[in-house]
Amino acid sequence: MTVTPEGRAPVFIAVYSVMLALSTAFVWARVYTRAFVVKNLGADDYCAFISWILFVFFYSFATAGAHHGTGQHLSNILPATEFPIAMKWWWACEPVYVLCSMALKLSIAFMLLRLTIVRTHRCIIYAVTAVTQAYSVFYFFLFVFQCRPSSYFWTQYTGGEGSCLPGDVVVSATYGYSAILCLGDWIFAILPVFMVWDLQMNRSTKISVASILAMGAIASTATVIRFPYVASLADTTDFLYATVDLAIWSIVETGLGLIACSAATLRPLARTLFANTSFLGSSGARCGTTNHWPSTGGAEGYIRSGADDSYGMRSDLGKKRGVTTTVQAG
């Protein structure tokens with residue numbers, strides 16, 4: 001049996017549906033670009049696709065919960081037997097959300113690693129990724145096992161036996177999780193500025209390239225907005241209504257992350273689609289041939305991608321390659 005989504009549930013479902021539709025369009029455009037335009041799928045693309053699959057499960061669980069009472073006041077959920085079912089779906093959403101975010105952050109990290117061979121930059125990416133993933137694993141298990149047994153999270157309302165961690169423990173861990181994700185996003189947003197700083201590009205091109213690579217940080221905006229709503233996790237009197245804002249901004253955060261990191265890979269597709277127009281600020285001939293990445297091949301530089309103009313996203317980027325010019329006396 002289900003209940004009619006009322007209260008804030010319709011808004012909840014609408015936001016989730018928009019985020020799913022937009023992220024689906026961008027992720028599939030990314031897959032097409034990398035598989036058929038650039039012809040070079042990489043680890044970042046696979047991670048983005050895995051994140052999208054998990055995002056679909058996240059959406060499915062959340063909307064299922066909305067049809068059992070999520071977004072409504074406890075007193076309005078009738079019959080009352082629907083409440084623990086909604087709590088069960090809410091519990092299922094959180095671990096999937098964490099796994100989805102983990103795959104998304106890995107995708108961004110792999111994308112940046114494919115673009116740089118500067119040791120300092122690579123060390124920063126590895127360090128941020130290690131900290132983010134480690135805390136995510138900790139948070140995942142904390143949430144899954146916050147109650148003993150785990151099913152007590154929803155059976156406590158139907159006479160089940162068990163125990164749960166104090167609400168402030170989960171709230172504090174969630175604050176820590178959000179802060180680490182936000183910090184990681186901003187580091188990955190700032191890093192591309194230094195990655196293109198010494199490249200042989202004009203200033204406007206540098207700004208354009210750095211902005212595209214830093215788009216993944218857009219998700220951190222939703223993370224910041226979500227902070228005030230984290231405390232609602234400790235609300236035991238009207239949980240499904242109190243946590244609606246937290247749930248909405250969680251899916252906006254993940255959806256924006258998928259959209260942004262996928263949009264950063266779509267320039268080759270755009271250049272192909274508009275090769276015969278003046279779109280993107282260049283003539284038809286230039287759109288087909290211009291490549292702003294320099295041809296430096298040393299260990300301290302960046303490597304151009306060649307004719308595909310895919311912003312240097314090469315699977316062999318870690319190899320020291322370049323052009324050697326030999327001059328012989330005549």
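Every residue, even glycine, has its Cβ placed from backbone N, Cα and C.
Remember, predicted model here, so these are calculated numbers, not experimental data.
Pulled from TrEMBL, these are the features on record:
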TRANSMEM  12-33  transmembrane segment
DOMAIN    29-271  domain 'Rhodopsin'
TRANSMEM  45-69  transmembrane segment
TRANSMEM  89-112  transmembrane segment
TRANSMEM  124-145  transmembrane segment
TRANSMEM  175-197  transmembrane segment
TRANSMEM  209-227  transmembrane segment
TRANSMEM  247-266  transmembrane segment
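Against the transmembrane segment (12-33), the recorded stretches 89-112, 124-145, 175-197, 247-266 differ in Cβ pairs under 8 Å, and the greatest number is found for 247-266. Proximity of distant same-chain residues to the transmembrane segment (45-69), defined by a Cβ-Cβ separation under 8 Å and at least 6 residues beyond the stretch ends, is recorded for 2-3, 5, 9, 12-13, 16-17, 19-20, 23-24, 27, 30-31, 34-35, 77, 82-83, 85-86, 89-90, 92-93, 96-97, 99-101, 103-104, 106-107, 110, 240, 247, 251, 254-255, 257-258, 261-262, 265. Taken as a whole, the domain 'Rhodopsin' (29-271) shows an average pLDDT of 90 in this prediction.
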